[in-house]
Amino acid sequence: MSPRWDYSTVGADRSNVYELEKTTSAKLPPFDRALRTRNYCIFGIGVCWAATTTCVALGIWAFTAAQNLPTGTDPLPGTGSHSGQPSVSIGVVGQALVKLAVNICIMLVTDCLGCIHTASVRWALWREGRLDFNSNPRMLTGTKTGWSTHYFTNIAMAFFLMLLFAASSQLFLQPRTANNNYNGFVVNGVAFLALAVGIAGQALIATVALRGSSRLIPTWSSNPLNTALTCIHEGLDHHPGRSLVPVDRRRDPSTPQQPARKQANALRAVPHLRWSIAALWLIFAITFIWAIIIIIISRYGHIHSETINIQFFGSFAGSASQNSPVVPFYHAWGGDTVSDGKIVAGSISALFITLALQIPFTLSLHAAELVMHVYVDEQIWRKASTLSGLTYMQTPIGNIVGFFGTWQTLFLFILNPVTHWLFGVAVFETKGTMYMSWEGLLYLAIPLALLAVVVTCVAVQKPRGPQPAAYGHLQTLVDLVDCWVGPGEKMHWGDKGFDSLASARIAGTSNRRLEPITWNAVYLAECRVSHPRNVDRMGSPLPHGLPGTCIGSDDQQISLSMFKMIDRTFRIMRVSGLYKTDSNNPTQSKRANRSLEGCLPITGEDHIDLEQLERDDNEPFEWPASSIPNAENLTHALNLCAAVIGVDPSCGTATCYQSGCFIVKIPRQHSTSAASICRAEAIRTAWAAAHAIGPKVYATDCKSGAFAMECLKGNTLSTEMASQSLPQILDLLRKIHMASAQHWMCIYNPITVVEEYLESAKGMTAMPLEDIQLVETVLDDVRREIGQIHSHPDLLVPCHNDFHSHNIIVEHDGNHRHMAIDFENADLGDPMWDLAYFTVNLELEREPLALASAYSTTMEERRRLSAHCLMAIAHCATWSAIQGAPWVKAP
């Protein structure tokens, strides 16, 4: 497997140094498609269709068997016919258990169908750009495309679900005896047929959703981390600098911040959960008030009430009587046999009345499920900060165990069928008459109250700890995870150490256990890890901390002792009076050189006698307030050191100084733009060093943009030397183009650059009119040839964009390694531009195919190379005109 860079702190003080280590993971790990879950859903669809057939058969049997069984007002022992419907004699407890078992089976069926519908809705929302959270109210969220997830289809799905639960409460009716006692139950054929319609309707929608699932549903997993990873593969971008930004502050800018001890609750993070909580409390209040009204009507009202024995529940308030007053609220047509149709009509009317009453209960339970799913999504993410970590690739059984890993979700699972069962006890139909039992309604209000309390507590609970809350918000998860672990690995979240470039700490994820978050510490707001979208082309991300330093390498090491050595250098410079160095004072210059001797080289003596130095200087020694090296102070020290030892500044955009094994680059102008340019070059140079194609970067000054980098031991190439080293140079160029792209890389378009140079040349009157017209002609011709490629980012790769012989150094080692420098313009671009620019600077522009063959280009790339050669000539001509150098060639 190809390596991926991960970062971990090492050494005695884990806050100072990063270790750049290779881990065995893919560039961007694959997401879990959870095809086993899909296969289980397919099996569940088959069970649903079998259940539909069974219900149809039972419904037909209920109509036909009643005509062949004995008839009477009292059901016979075993089976018989009661008022034209088959009846079964069974004990009171047995009746309750049968009805509860039926509700549990129905719940399992709806959960299987709901899994398919949920996955379909989730990825239909993604295709429309409306997927924000991993968990969504599937029946209340429709899409404009896709038949199985359309608004009208979701309404039909909700109707079939309510019909299913309404039919489940009417499957077994309570027969009436002469003394109004209940013995056994009556099989309702109409309810069984309605149950078949409810299951078949949902199964049909789920079957249609399964037909295009291989193309429309990338993963069947409900794990929020796996969904976030899938979205990255599908094009969701990672936003850097949000390693401690929770979902409730997702619209805030990225700023350095301290960790919070508590996170926002779900109500604040997911505002639409407020409607779910309100619906739960409203349905409880309605049920309780409903029961009170029935009590008043049955005892003090003028509506006729009856007394029916409900032995399973006993009596209210401990009364010795076993008779519970009920209120009839609907009378269907009377009738004694099925053939006259009156019993059937009454059953159908009772079914639809029950369906209407079921609507608020079904929707409120669906709302409770949404809150619990959001809660589970957050609990899964918060496992990353535990010792065991989390994994986003699980089996279907693992997903089920994960969902029921908390008592709150298990409570909802148990309460769901119980609530529908109690509704069937509170509102029931017998012999064409529907009754409402105030005692049953009070029993129904108890689980509804418990459910409202539990769900409310879950929604208002504030997670403890510094780990930012996400609640399944996909963009937040993508921003929080800066290191995706491979299959089978555990993901851990925590403190990843100190970033010396920004003088702040880093929080993020890793495949190994991390240190706890440091309270009151400032955490970095600009993380330099990218999530590449083109994983086939882009590789390892840029490391945190000290980008470009190869810690633990064989030749030179940047370790904790090295930081202490540089810190000592800074202190020595304070003692030696280097801040007050006068170049005309030979004594101070001598003291400064003596003080720095042996300190800056990476290898050598690690011990400095500061007390002896203090006695020699006869000056009081003052230690810095902090023992942790500061990037700004370190750069300042290196700058002063370079100023003393000194080399002549270069003529580029910044002033360069050499100090031993360091090159210090300082912006020529003290301005925000100059600092930004220099800072961008430091980041790009560090990126190059991470891929062994450029010098290492040791420190940067975030304010001024100055940075210290490695002084490569070698010489730049002349044109003659470059012509003799073409294989090595082209190999270096391939390494640049094969390096990993980063999120901070822009698109470098040479056409735009030449246009800007041309405008500047016109303003300076630095080019003759005929040369300007010639460049404009080249721009018009080339724009048609290569202008389109820059509008397709997937075709672009990292490029140097200033690749010529003077930006190539051959090191004086046994391997004569070729390294590039001056990565100021390194961004995404057409690789043929680098090759063309190098070709023109070697004066081989009239024979571009010579280098093209050695680089192994395609016919399309050669066509672009020819166009880029013309653009490179225009680039050099306009730049030279601005600089006042006569460099103009006829293309």
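Including glycine, each Cβ sits where the backbone N, Cα and C put it.
Unlike curated entries, TrEMBL annotations are predicted automatically.
TrEMBL has this to say about the protein:
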- 40-63: transmembrane segment (TRANSMEM)
- 151-173: transmembrane segment (TRANSMEM)
- 185-210: transmembrane segment (TRANSMEM)
- 240-263: region 'Disordered' (REGION)
- 275-297: transmembrane segment (TRANSMEM)
- 343-363: transmembrane segment (TRANSMEM)
- 410-428: transmembrane segment (TRANSMEM)
- 440-461: transmembrane segment (TRANSMEM)
- 660-856: domain 'Aminoglycoside phosphotransferase' (DOMAIN)
- Query: What else in the chain is close to the transmembrane segment (40-63), if you only count residues 6 or more beyond its ends and a Cβ gap under 8 Å?
  - Reply: 85-86, 109, 112-113, 115-116, 187-193, 195-196, 199-200, 202-203, 206-207, 210, 220, 338, 396
- Query: Taking 151-173, 185-210, 343-363, 410-428, 440-461 as candidates, which has the most Cβ pairs under 8 Å with the transmembrane segment (275-297)?
  - Reply: 440-461
- Message: Just to be sure I understand, if DSSP states are collapsed into helix, strand and coil, how many residues of the region 'Disordered' (240-263) fall in each?
- Response: 3 helix, 2 strand, 19 coil
- Query: Can at least 3 Cβ pairs under 8 A be found between the transmembrane segment (151-173) and the transmembrane segment (343-363), with each pair 6 or more apart in sequence?
  - Reply: yes
- Message: Within the domain 'Aminoglycoside phosphotransferase' (660-856), what mean pLDDT does the predicted structure show?
- Response: 79
- Item | Long-range neighbours of the transmembrane segment (185-210), counting only residues six or more past its ends (CB under 8 A) | 38, 41-42, 45, 48-49, 51-53, 55-56, 58-63, 75, 82-83, 85-88, 90, 95, 98, 106, 109-110, 113, 116-117, 119-120, 147-149, 153, 156-157, 159-161, 163-164, 166-168, 170-175, 217, 344, 347-348, 351, 430
- Note on the structure: Per the Cβ under 8 Å criterion, with at least 6 residues separating them from its ends, the transmembrane segment (440-461) contacts 265-267, 273, 276-277, 280-281, 283-284, 287-288, 290-291, 294, 310, 313, 316, 324, 364-365, 368, 371-372, 375, 408, 411-412, 415, 418-419, 422-423, 425-427
